[in-house]
Each structure stands twice: as C-alpha cells, then as structure tokens.
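To start, the structure itself, in structure tokens.
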C-alpha cells in the first residue's frame, strides 16, 4: 500500500509540474510578444494597451459554441461597464427577439380600438404600384384613421417593398428618411411591408435599414428570422396582382376521382450557380415526361451562356414544348421549389388553379402560418428528399386529394386573391394578437367563410354565427323575429302593414314582432296596433334612414330575422314555409321577391332587371329571412360611403345586403314558390314611399349596382335557377296530403 501511495504522489506532482510548465510557457510567450510590440510601439511613439491583453484568451476556442445573442467583440467590450453591457444586450433583445409583449404598446389600442394610420405620402418620393395598392387597401378599410393620435398601428408611406439594391424600385437613403419621422419612436407599433430583401449573391433578409421595434409583414421570410407572434409572413405577389376583388379559383366543379392529366408539374428557371440552384438543378432526376413533368430553362440573366452545362440545350428544348397554363390547369399537384429567395410566384398560381402545392423550400415560414393550417391545403416536402416526392404524392388517397383541392380554393378566395385581402388578413391577425379575449380560433380561419367575414366582436361563441351549425352539431334556430319597416303614417285599420303584422304573428315560429318606425309622423297610439299572441315592439328610428333597418338592434332576440316591407302581402302559410326552407340554408337569404343582374355590353356596365326570367341573383329583403349576424356585418363591415349612398338615395339597401351575403357565402340566395311578390310600381302614389313609382327609382338601382361592384372589386352576385316549392306542390293528389295547401290558392 505504501508503494502505491508513493507512486500516486509522484504521478500527481508530475502532472502539476507539467501544467505549470505549459501555462508558464504560454504566459512567457505572450510576455515576449508583448515586449516586442512595446518596443515597436515605443519606436513609433504609440501608446500600448492595458496589461489585461497579456493574458491568454481561452474562450476563443469556445467561440463557435457561444449563443448568437451573447457573441460580442471582446476587444471592444473589455472596458465597457456592466450597465453598457446590459444596454447592448437589451438592444439586441428588442431587435432580434421582439414579441408583442416586449415591443408593442397596447395602451394605444385600448383607448380607441384597433385603428391604423398611414403616413401621408411625401412629395418627390417614388412609390411602386404594388405599395400604392397596399396603402389604398389600408385607407379603404374600416381600421383606417387619418388622426395619428387615434392610431394603434402605423404604416410608412415610404416604399419598403423592394429592398434589392439592384432593383429600379429600390428607395435610397431610407435609413435617414425613416429616422426623421416624428412618430417613428424606434419603430414601436409600426408595421413594415416587404416583398424583396437582399441581393446577389446571398440574398439575405436584411431590409437595408434599422427597423427598430417595428413588425415585419414580409414575403420569403425564413423560420430562423421569423419572430413568432410578432412578424407576419405574407405571400410573394406580382405587380399585376389585383388591388381588390380578384378572380375566383379555377375549380368550377368537383371531379371524382380528382385526378388530372398530370400528377406533378413545374415550369421555371434553372439556376446554374448560387443560392437556390441545388434543388432546381436536380429536378431532372424526377422528370419522366409523362405524368411527372418538371421543366427548367437556363435562358435567364445576361450571362447564362457562361455558366451553361451539358444539359442546358436539352432542357431548353424540352421547356419550349409545353404551355405553362395548360400544365397548371391539368395537374393534380404543382411543385413549388424555392428560387433565389424562399418564396415563389408559383405558390399563388397553384392555389388559384386548384393545383395542390407541393412545397419544396426548407425553412420558409409559410404565409399567414400563424392562423392557416397548411397541412389541409398543401404537401410540405423536404428539399433533401426530392427523389421521394413522386412516391409520396402517389400514396395520397383520392378523398384527401379532393379535400386538399377544395381547401386551396377556399384559401385563395378568402385571403390571397387580391392585395386588399392580403393586407386585411395581416391587420386582422395583428388585431387578434392585441385583443386575445375575442380573437378568432383556428376553425374560423380555416373554414368557410374565413376570418375576414367572421367578426369576433359580434360574439365569441361559434354557435351565434350561421356557418358552424354542422361543425358544432347544432340545429338552426326554431323561432324568428319579424322586423317590419314602416315609412307611412297609420291612418286606416285596413292598411297592408296591419294585415301583415297579424299574418306574421300567427306563425307558429314567430317569437316577436318589431316595427321599425321610420315615418316622419309621430308614433301611433298603442291601441291602434292589433292584438297579437306575440309581443309587438315599436322602435322609432333615430336617423330615419334606409340603412337603419339593418342595424343590430338588441331587441332582436332570435338569430333568424324575417325582414318585411310595410306593403308586403304574405299569408301565414307562406311565412311558415319560407322559414322552414331557411332552416336548411341558415347562411343564405331565403324569400319571395327575386331580381337579377346582367352585363350590358352596349353600355359596358352592370344592369338590374325585375323581369320574370328563368334565373335570379337577388332576393329582396322586403320579404325575406336571413340570419341576424348580417345586420352586424352590414353595419360594421361595409364602408360608410356605401351606406351614406343608400341613405341619400333612400334606395338600394336591399341590393347592398344581397351583395354582402353573396360575397360572404359565395352562393346565390334562394327563392321560394313561384309567387311574384310586389313589383317596383306596386306602392301607392299617396304614400311618402311612392319611391317605387318614381321613374328615377329604377335608374338609381342601376347606378347602385355598379357602385357596389366597384367597391367589392368584382361582381359577387351569383345566378341561380333553383326555386323551392312545397312537396306535392300542384301535384294531382288530394289536397289533404299537402302540408302547405294554402300556397296553391294564392
């Protein structure tokens, strides 16, 4: 044992001596090196740094393992104070790790709600058309305010979309211009839109100026640089992308099985060198020229011939054989590989064409990924597994393909078909972050009609909206509230309004009746109204304008609303049948008086007709049933300009409601029975409401059609040839077998 102890002591002593010799040698070499530098500095009259620099710098070997936010230049930070270090780290945190909780001032939004201020455009500043469309969408939205003191969010008027220094759209000296804005406040509560950042050869995501604490609404943003719950990933869109409206998706009908001529297609540039070239250079391995057609061309850029390889000529020849549009509309899947940047125009093109996108862009934060579940509309691939893509998509079941295709159409029409929808979706996402207690859930964002038309301020319960009864396993309401719009004084007990009130009150589904008194004369005495089995509430309109009939009155206690003009002639049986039909289509307008629209080629404008034809696109609200949520949507979604037009003309409110409901549902209204309800000339000439007999009334409705279509950016009305009649309607059977037998006698 004693021998072992001696050996152990000797070994320990030797190890200690070796370590002392090693560190002493390092210090001696550092000292000699310092002495030489000191002599050299003395000869040149230079002052030498502190002796702290003599010590060996062991952390250098560990530098690759230091977190990025702690990596500093030690030479420049050795002498800074602890407070300066904290300030430096704080600055990094605010810029790189910003979240809503740390870099956004919520107090501005609590005062006046979610209002957005766009800086006024400065003289001499060039603004690309795409950015002008973004600003126009903001200024035309219900969020816009021209008063910065009322604003919760600020958007620059300086064009930040294209930050590629080689682009003609690049705005120079943006750093100083932004810093000079008196409301900038280091970017706090600011939103910056950007489509292109960086330039050849690395295409970094740097926008070229210090954004401070501003949020980014950015295309082609990587998951590495994306700040969750702060930035918003938007799609890359072209300068030709429509400002409003936009074309609908190209899926006109569902084919079963949902397979097309091509299984997988792509046609685009092949980058011979540089970033983004790896994947596109390898596409030829997957191309089979039959159902998998992946075409690339080398012909792009000024010096492509300098870099051309042995495959270029063959690829270029094959590329010219196929028409891109024909491939796009006849393919089941469309490959969306990355380009120089992560995003690609092919993404939106595939969505619109109902071609399921196969994403091949590792690290791309997909557009609006915070709210959209892309697994329901796309196949997320991996660039490293390119050769497995064909077998992967072939294994997808046909039911799944059909569901993916339908979801592409919904997402395209709900969020991507226009610049306005992209901007409004961005703003709605930010608003949901601010007011989390009334924010939309994933079901709202990913199911028809989408987040832009479902306003959570109306209700936080999905059962209060007409779109989710099936999802929640609920039945539509079993009662309705009749709202009668009265504009003429009550002078006789035989007036149509009193007969209408009695007929509606006798319905087994009627919960109450509200009379909206928009007449200039005082309210009639209570005894003038007939006695009914249901409550009758008379509301005197404050402004007595046409739009007041669609206000979301608290007195309406049911989800279903039976909207009636005072001159409407309906029986109780007709009311019951219409409500029964509506319960099967609670998201649509169901009623009696039908009208239609058409395109007048000679005048190049939309026309309105009340002629009895084989189709219709509107059901007027003088005798119709719909969900009361549309009152809220009419009041809070539509711009004041359209409602003011309706009020000034005392006309077109029913047309505007049809535009709104069709825009939301993407479906036509439903007409019941063949009865022709009142025409435009039925109203008596002695009434203040003789607007129906006014020759200018019809011309005004023509004008309204075009104004409304202009605001929506497209014509949302949809023609229908469907009319619903009672079972056995006019069949040669016993009248006792018919439930709604009185309808045949009318």
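Cβ coordinates come from backbone N, Cα and C, glycine included.
Swiss-Prot annotations:
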- 1-7: topological domain 'Cytoplasmic' (TOPO_DOM)
- 8-28: transmembrane segment (TRANSMEM)
- 29-746: topological domain 'Lumenal' (TOPO_DOM)
- 89: N-linked glycosylation site (CARBOHYD)
- 98-103: disulfide bond (DISULFID)
- 109-152: disulfide bond (DISULFID)
- 166, 203, 300: protein binding site (BINDING)
- 267, 269, 271, 280, 319, 324, 346, 349: UDP binding site (BINDING)
- 298-312: disulfide bond (DISULFID)
- 330: N-linked glycosylation site (CARBOHYD)
- 334-355: disulfide bond (DISULFID)
- 652-704: disulfide bond (DISULFID)
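Between the CA atoms of residue 269 (UDP binding site) and residue 298 (disulfide bond) there is a gap of 6 Å, rounded to the nearest whole number. Cβ neighbour count within 10 Å across all protein chains ranks 271 highest among the binding-site residues 203, 271, 319, 324. Residue 267 (UDP binding site) sits 12 Å from residue 298 (disulfide bond), counting Cα to Cα. Annotated protein site 166, 203, 300; additional same-chain residues within 8 Å of its Cβ mean position, judged by their own Cβ, are 164, 199, 200, 301, 340. For the disulfide-bonded residues 98, 334, the ranking by surrounding Cβ atoms (within 10 Å, all protein chains) places 334 first.
For residue 152 (disulfide bond), the Cβ neighbour count at a 10 Å cut-off comes to 24, with all displayed protein chains included. Taking the Cβ of residue 330 (N-linked glycosylation site) as reference, residues of its chain lying under 8 Å away and at least six apart in sequence are, in sequence order, 260, 261, 262. A count of other CB atoms within 10 A of each Cβ picks out 355 as the most crowded of the recorded positions 109, 166, 355, 652. Distance noted between the C-alpha atoms of residue 98 (disulfide bond) and residue 109 (disulfide bond) is 18 Å.
Sequence-distant contacts (6 or more apart, same chain, Cβ under 8 Å) of residue 346 (UDP binding site) comprise 266, 268, 334, 335, 336, 337, 357. Across the topological domain 'Cytoplasmic' (1-7), mean pLDDT in this model comes to 59. Note: the Cα of residue 652 (disulfide bond) and the Cα of residue 203 (protein binding site) are spaced 52 Å from each other.
Residues 166, 203, 300, recorded as contacting protein, have a largest CA-CA distance of 18 Å. Across the structure, residue 298 (disulfide bond) and residue 109 (disulfide bond) place their CA atoms 51 angstrom apart. According to DSSP, residue 166 (protein binding site) is assigned to coil rather than to any helix or strand. With 267, 269, 271, 280, 319, 324, 346, 349 listed as the residues that bind UDP, the site has a largest C-alpha separation of 21 Å. Counting other Cβ atoms within 10 Å of each Cβ, the lowest count among the binding-site residues 267, 280, 300 belongs to 300.
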